[in-house]
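> Below is the structure I would like to discuss, written out as structure tokens.
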Amino acid sequence: MLSMRKISCHRFSTLIDSLSPNLEKTIPRRKPSTRILSSSLPLPHRTIPRLQGQDLDFVNVTRSHLIHAHWEKLHPLLPTLTRYRVQHILLKLRKDHVLSFKFYDWVRKHKPTSHTLETHSILLHILTKNRKFRISESILRNILNSGSIDLPSKLFEALLYSYRLCDSSPSVFDSLFKTFAHMKKLRNATDTFCRMKEYGFFPTVESCNAYLSSLLELQRADIVLAFYREMRRDCISPNVYTLNMVICAYCKLGELQKAAEMLEKMKDMGLSPNVVSFNTLISGYCNKGLHGLAMKIYSFMERNEVRPNVVTFNTLINGFCKDRKLHEANRIFTEMKASNVAPNTVTYNTLINGYSQVGNCEMGNRLYEEMARNEVKADILTYNALILGLCKDGKTKKAAYLVKELDKENLVPNASTFSALIAGQCTRKNSERAFLIYKSMIRSGCIPNEHTFQMLISAFCKNEDFDGAVQVLRDMLDRVITPDSSILSELYGGLCNCGRNRLALMLLSEMEARHLLPEGFDKENITIIHPENETNN
């Protein structure tokens with residue numbers, strides 16, 4: 001019978017292969033071996049030849065110099081310091097992890113060729129047994145950054161074969177697993193996890209959390225859930241941080257009911273949800289526009305005696321602002337201040353941007369003044385939101401004045417700043433001015449997005465300046481951005497209506513050749529008023 005742990009690990013390893021084509025492939029996958037239920041593979045053991053003659057004398061003399069801190073006496077011994085001798089010296093010093101590391105580091109500086117995978121392994125055993133995990137992880141990083149493709153696999157083998165020789169502890173493999181996780185070498189981490197289990201070693205929950213965290217950063221919520229199930233099968237007890245990441249994974253996958261159930265299960269597992277647990281679920285509901293459920297979780301926090309923090313309020317305010325429910329957002333803002341939770345830059349930026357999106361620059365300005373009174377520092381996002389509000393309200397001169405204020409605040413305009421200014425000019429149907437700002441944007445090294453390009457094209461078309469519209473479209477295509485079907489229809493129809501059919505068809509051919517023709521575009525359904533007046537273009 002196959003071990004159930006072994007089978008589940010193989011399934012998890014297969015999931016990594018099938019779902020993660022973009023993760024690094026630094027080592028070949030190992031074929032799963034079979035073993036009897038509840039048994040582990042016996043630990044292999046590799047010895048090194050016993051010291052004799054000159055080697056024995058050399059090691060004893062060197063050890064004596066090290067114990068008495070006679071470092072200057074070691075320099076004459078360098079020419080005859082072999083890898084074999086370094087291994088034995090480290091083994092002699094293994095009960096003194098401080099001296100072991102000092103000697104290891106001395107060899108690294110003065111004769112690095114005397115270090116091998118075996119000498120690195122011996123030191124790692126010494127350090128992890130003495131719980132010096134930070135130093136051991138630093139050494140592991142240095143080893144793994146050497147770039148050798150098969151090194152991760154060889155390193156595990158070296159640690160395995162020297163395990164009994166160094167009278168080591170399972171912490172050495174846990175440290176290796178955690179280092180791979182922190183370095184986001186997820187295939188190597190997975191392989192280490194599976195191989196550890198073959199020999200009866202299991203990582204700590206802290207190391208598992210490091211692995212889960214890296215998976216979330218790489219947007220692999222599916223694998224987070226698979227690994228969590230693997231942890232439960234292996235009886236690795238999760239903590240609150242583990243379950244918070246599981247809740248986050250469910251939210252990212254849109255499985256909000258399961259995320260809520262996980263919050264409930266925490267108590268059954270003897271764990272108390274913390275503010276991050278609630279904030280994660282609130283964020284999940286807000287991202288889906290389920291504000292009622294988000295508010296229920298917010299109320300549930302109080303019943304569980306968990307005090308909401310600035311992230312809680314910011315998440316709720318952002319959710320309401322995204323749906324333009326500014327009255328509700330302002331109510332949460334008032335409640336935030338009543339709860340003695342100080343609004344930060346993110347809070348104000350979210351509200352100012354919310355009001356700016358609906359053209360209420362007056363309310364945005366009031367919030368900006370409140371920011372200043374409360375000594376909350378404004379950033380470029382604050383100014384961008386204010387500029388956008390002014391531009392949407394047609395107050396482009398005031399917006400330009402705010403741009404000049406950026407220099408005084410040591411802030412640099414970014415793509416959003418220029419986009420807001422362009423939007424203002426487009427609102428005023430001043431396509432030429434919008435185009436000048438667009439050119440300044442390019443010179444400043446800011447990259448326009450799809451929305452900026454389409455605003456410009458539409459503004460030019462409305463002013464019947466089709467040369468300008470075509471120029472912007474060509475810039476857009478050069479950046480490999482596909483235009484919206486409606487914008488292209490507006491330009492195509494405009495060109496044909498003024499008799500420039502040949503240019504219109506040539507543009508379509510270019511876009512089709514470059515696979516940038518938008519889906520749903522149908523030139524046959526565009527009304528052409530004067531197709532017979534085609535001019536040579």
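Note: Cβ is positioned from N, Cα and C throughout, glycine not excepted.
All TrEMBL annotations are machine predictions without curation.
The following feature annotations were taken from TrEMBL:
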type: REPEAT; residues: 169-203; note: repeat 'PPR'
type: REPEAT; residues: 239-273; note: repeat 'PPR'
type: REPEAT; residues: 274-308; note: repeat 'PPR'
type: REPEAT; residues: 309-343; note: repeat 'PPR'
type: REPEAT; residues: 344-378; note: repeat 'PPR'
type: REPEAT; residues: 379-413; note: repeat 'PPR'
type: REPEAT; residues: 414-448; note: repeat 'PPR'
type: REPEAT; residues: 449-483; note: repeat 'PPR'
> Do any residues of this chain, six or more beyond the ends of the repeat 'PPR' (309-343), have a C-beta under 8 angstroms from a C-beta of it, and if so which?
275, 278-279, 282-283, 285-287, 289, 291, 294-295, 298, 301, 350-351, 353-355, 357-358, 360, 374, 376
> Residues sitting near the repeat 'PPR' (239-273): Cβ under 8 Å, six or more positions beyond its termini, same chain?
205, 208-209, 212-213, 216, 219, 221-222, 224-225, 228, 231, 280-281, 283-285, 287-288, 290, 293, 297, 304, 306
> So what's near the repeat 'PPR' (449-483) in sequence-distant terms, Cβ-Cβ under 8 Å and 6+ beyond its ends?
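Sequence-remote neighbours of the repeat 'PPR' (449-483) are 415, 418-419, 422-423, 425-426, 429-432, 434-435, 438, 441, 490-491, 494-495, 498, 500, 503, 507, 510-511, 514, 516-518.
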> Averaged over the whole of the repeat 'PPR' (449-483), what is the pLDDT?
90
> Taking DSSP states H, G and I as helix and E and B as strand, how many residues of the repeat 'PPR' (169-203) are helix, strand and coil?
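Output for the repeat 'PPR' (169-203) reads 25 helix, 0 strand, 10 coil.
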